[in-house]
Amino acid sequence: AGRRVPLLALSLALRTLNCFLVRTSFVPDEYWQALEAVPDRSLISVIMGSVLNISNYGYLTWEWEQGLRGYSYPLIFASIYKALQLLGRDDVQLLIWVPRLAQAVLAAFADVKLYSLVQHLENTETAKCVYFCQLCSWFMWYSCTRTLTNTMETILTIFALSYYPVKGTKLASSCKYLALIALAIVIRPTALIPWIPLVLGHFLQEQKKADLILRNCIPIGLVTVGTSLIVDRMFSGEWVLVQVNFLKFNVLQNLGTFYGSHPWHWYLTQGLPVILGTHLPFFIHGCVLAPKKYCIFLLSVIWTVLVYSTLSHKEFRFIYPVLPFCMVFCGFSLNHLKAWKKPVASFLLLSNLLPALYTGLIHQRGTLDVMSHLQQLCNSSSQSQAFVFMLMPCHSTPFYSHVHCPLKMRFLQCPPDLTGNENYIDEAETFYSNPHGWLNNEFNTDALLPSHLIFFSVLEQEISSFLALRGYEKTANIFHTHVPQGRVGSHIYVYRRTTEVNR
């Protein structure tokens with residue numbers, strides 16, 4: 001225990017630094033399924049009143065209306081916001097960074113929990129190697145301080161793993177690990193997937209199977225489902241079982257393909273190799289070296305990748321929760337290398353440092369920087385007349401969680417069709433099929449025109465005549481990425497309407 005105190009201090013320092021060195025966007029869910037649900041009055045009016053001292057603004061995406069998202073996770077951030085309000089410190093920068101810092105603290109504790117687990121199962125040297133691999137993983141650095149449900153899912157998986165009854169675990173606790181899994185499932189139902197082989201393995205080796213089910217599984221399941229139902233009933237106004245709706249939408253109906261599809265082998269050829277990076281050969285090496293009792297961890301990784309491979313819509317973050325399992329095997333490899341340990345450790349550190357810093361500080365930073373630009377409108381005398389329209393792929397930027405004032409804003413909508421209409425086209429697709437025509441039709445009188453238009457640089461040429469005729473001029477040119485793709489340009493432009501034009 002004495003050794004873990006300085007280790008925790010080190011982790012807290014590194015994850016805090018980690019937090020402030022990640023200034024880029026990853027995926028929309030980082031904001032729209034967590035922070036953006038908090039300003040909306042439907043979430044906080046029941047027990048908290050106005051969290052942000054401002055009423056009648058906020059936005060919930062279509063997933064909340066369809067009962068695909070639960071309020072338990074946003075409630076954590078609502079509590080943080082409320083505490084800041086009571087302290088009189090609810091300014092926009094703290095509202096942005098304190099939730100991220102909270103995630104960083106949890107990530108630091110998870111790092112130490114993983115170290116403790118391996119120390120109990122093996123020895124201090126192997127634990128140090130696993131801890132080192134965990135800290136220098138570029139994808140862990142990139143993701144662990146973000147307010148993603150996947151991040152909390154991964155952190156809770158590590159905590160649960162530390163109480164899982166692997167042979168030789170002194171701190172095993174069926175009640176604790178099952179409760180942590182249940183909490184993870186409430187936050188993100190897919191948290192169950194990596195645990196299916198582990199829970200089945202535990203059940204098969206458990207001598208008192210009836211006690212495991214009657215004294216642990218059933219009570220924990222009932223309390224968790226009941227709490228989830230009550231929380232979501234309080235905030236949505238109706239009884240809804242989010243986990244069932246989530247499963248129905250993403251697995252049974254496979255409607256996630258609306259947001260893109262990939263070949264079945266994507267996780268094997270791209271997903272896992274990318275998130276592992278230069279750890280990949282050491283992961284493979286560690287799988288060969290690890291004692292037999294760790295086969296259950298490898299089985300969990302393989303099972304998770306195979307399950308997600310059956311779904312058409314694939315993302316790197318979906319398999320993020322198996323990364324700590326992989327780090328265990330990487331640590332075994334590193335510890336086994338003996339004389340080569342220091343050179344390999346240096347290689348891992350340097351080869352992960354560059355992608356971590358690049359993706360954290362440079363790649364896809366424009367969509368956050370433009371929100372900082374918009375914060376200036378909150379402090380201007382023209383705030384009440386301002387109307388910001390984001391002509392970008394929907395949910396490209398955060399929204400009110402990064403502005404903290406009732407600024408009138410709008411973005412292109414892209415909800416999937418839930419009615420079975422084969423000819424359905426969302427607003428964003430309609431716009432991109434004819435940007436100039438759509439703008440002329442949508443804003444056919446000057447009174448309706450937004451005061452500010454925000455869009456990626458690739459769109460400028462297509463709508464240049466509209467901008468010129470309606471009196472818009474460029475006021476900001478913000479870097480976004482070195483690798484523009486499709487509708488996402490290298491820069492983000494902010495245009496402000498400066499003159500009244502007679503037409």
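In case you wondered, yes, glycine gets a Cβ from its N, Cα and C as well.
Not measured: the values here are computed from a predicted model.
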Annotated transmembrane segment segment (source TrEMBL; candidates 74-92, 150-168, 264-282, 454-472): 264-282
Candidate ranges 97-115, 344-362 [criterion: TrEMBL lists as transmembrane segment]: 344-362
Proximity of the transmembrane segment (177-200) to the transmembrane segment (294-312), 3+ C-beta pairs under 8 angstroms: yes
Close approaches to the transmembrane segment (212-231) from elsewhere in its chain (Cβ under 8 angstroms; 6 or more beyond its ends): 70-72, 75, 174-175, 178-179, 182-183, 185-186, 202-203, 206, 239-243
